[in-house]
Amino acid sequence: MSPQTETKSSVGFKAGVKDYKLTYYTPEYETLDTDILAAFRVTPQPGVPPEEAGAAVAAESSTGTWTTVWTDGLTSLDRYKGRCYHIEPVAGEENQYICYVAYPLDLFEEGSVTNMFTSIVGNVFGFKALRALRLEDLRVPVAYIKTFQGPPHGIQVERDKLNKYGRPLLGCTIKPKLGLSAKNYGRAVYECLRGGLDFTKDDENVNSQPFMRWRDRFLFCAEAIYKAQAETGEIKGHYLNATAGTCEEMIKRAVFARELGVPIVMHDYITGGFTANTSLAHYCRDNGLLLHIHRAMHAVIDRQKNHGMHFRVLAKALRLSGGDHIHAGTVVGKLEGEREITLGFVDLLRDDFTEKDRSRGIYFTQSWVSTPGVLPVASGGIHVWHMPALTEIFGDDSVLQFGGGTLGHPWGNAPGAVANRVALEACVQARNEGRDLAREGNTIIREACKWSPELAAACEVWKEIKFEFQAMDTI
């Protein structure tokens, strides 16, 4: 063992401050299969060498502090410390580096996303030696993954519950998001489900406000679901938002949803917190409820390119914590999402195994072993003209969610749902016949308009609506 990294009591205690790189920068280290690996985008302060910056990240997110302490001699830091084992410059950026850090598995509590994040993205992000710091990706070892339950049910179980195969699922967020009474809200849910949608959704803002208390909303939405099911012969659902001010209240709402016999509830997992989310996911698995996850507040954390945490890390954390759906951007709608980056974390949500692919922002090969997959939800500023692109980009295992693109139909909610269902069925049929959705998408939609006046009206309303802004988050 190098004297530079010797930290046992035999060395003796020497008070003072020493460079982090003497202990925590170990380029000779060979990572273990049980290590949690992190890729940080590090922007050091002027005059701080990248080796010192990377070592500081490893130290402050594991066993280190700003000065030598005598209690270092009471343990083996070489067993427990994080190690910065590789540094590479970021192409096209001045004084910015990707620093790779390995963490021993014993640093983390089993089955706790909360504890994992408290260590890896805790105080280190306020460290003065760094101008900016962003966690780009994590490699979660199989040994740690197996301590988590993961999604309550997963993609295949959900399809079996709904008896729906071979196409994306269709949803709609009820608008206006705030202000409707429970009865009028339930009416909108019924009209959308009757028109052909598989799901409707509470907006993330909807909890239990004075204009619509949660219990009233749950009752009217359950009535809407059962009425639509009886009339269409299809299984329907509404994402009843169980997010609340306390975990106890959240579980109480989930219990009431189960008593009503509805298939799915919802949680805002970032604002609600990972501890609450994991608790709700466990309840949902034990009681046969699907769990829809909204990512409200994610852009506060992930939108800045140089500081924060990339959404692919939040997506991996959600797959560990538990959720059957999660919002994942659209590529083509009103919300941020560059195509290759979005498809990278969509695959991380759905697939059992993903290879390292830096062109899609994937820094590590990741195995999920037996952890169920999560359905990505495309939502935000999408309408019928986007249907071919969405079908081609996201494939069958996805939820395509049209809020304004359903409720904004000139003829009303049910015709809006009809238009979306017809557009989806036309795109799926065309794809199955071997047609190129990317090249022939508009033609396919126009052909379907000939036998669907609802779709024709929707196409006329949204024919010139585009959201063309450059993505902030690029490779």
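Glycine residues also receive a Cβ, built from the backbone N, Cα and C atoms like all the rest.
Some features that Swiss-Prot has for this protein:
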type	residues	note
ACT_SITE	Lys175	active site, proton acceptor
ACT_SITE	His294	active site, proton acceptor
BINDING	Asn123, Thr173, Lys177, Arg295, His327, Ser379	substrate binding site
BINDING	Lys201, Asp203, Glu204	Mg(2+) binding site
MOD_RES	Lys201	N6-carboxylysine
SITE	Lys334	site 'Transition state stabilizer'
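Of all the binding-site residues given, namely Asp203, Glu204, the one with the smallest number of surrounding CB atoms inside 10 A is Asp203. Cβ contacts within 10 Å of Lys201 (Mg(2+) binding site), excluding its own Cβ and spanning all protein chains shown: 28. Under DSSP, Asn123 (substrate binding site) is assigned to a helix (H, G or I) in the three-state scheme. Within 10 Å (C-alpha to C-alpha) of His327 (substrate binding site) lie the following recorded positions from Lys175, Lys201, Asp203, Glu204, His294: His294. Within the same chain, the residues at least 6 positions away from Lys175 (active site, proton acceptor) whose Cβ sits under 8 Å from its Cβ are Asp203, Gly403, Gly404, Leu407, listed in sequence order.
If you take the CA of Glu204 (Mg(2+) binding site) and look 10 A around it, the binding-site residues you hit from Asn123, Lys177, Ser379 are Lys177.
The two recorded residues Ser379 (substrate binding site) and His294 (active site, proton acceptor) have their Cα atoms spaced 10 Å from each other. Distance from the CA of Thr173 (substrate binding site) to the CA of Lys201 (Mg(2+) binding site) is 5 Å. Following the DSSP three-state reduction, the secondary structure of Arg295 (substrate binding site) is coil.
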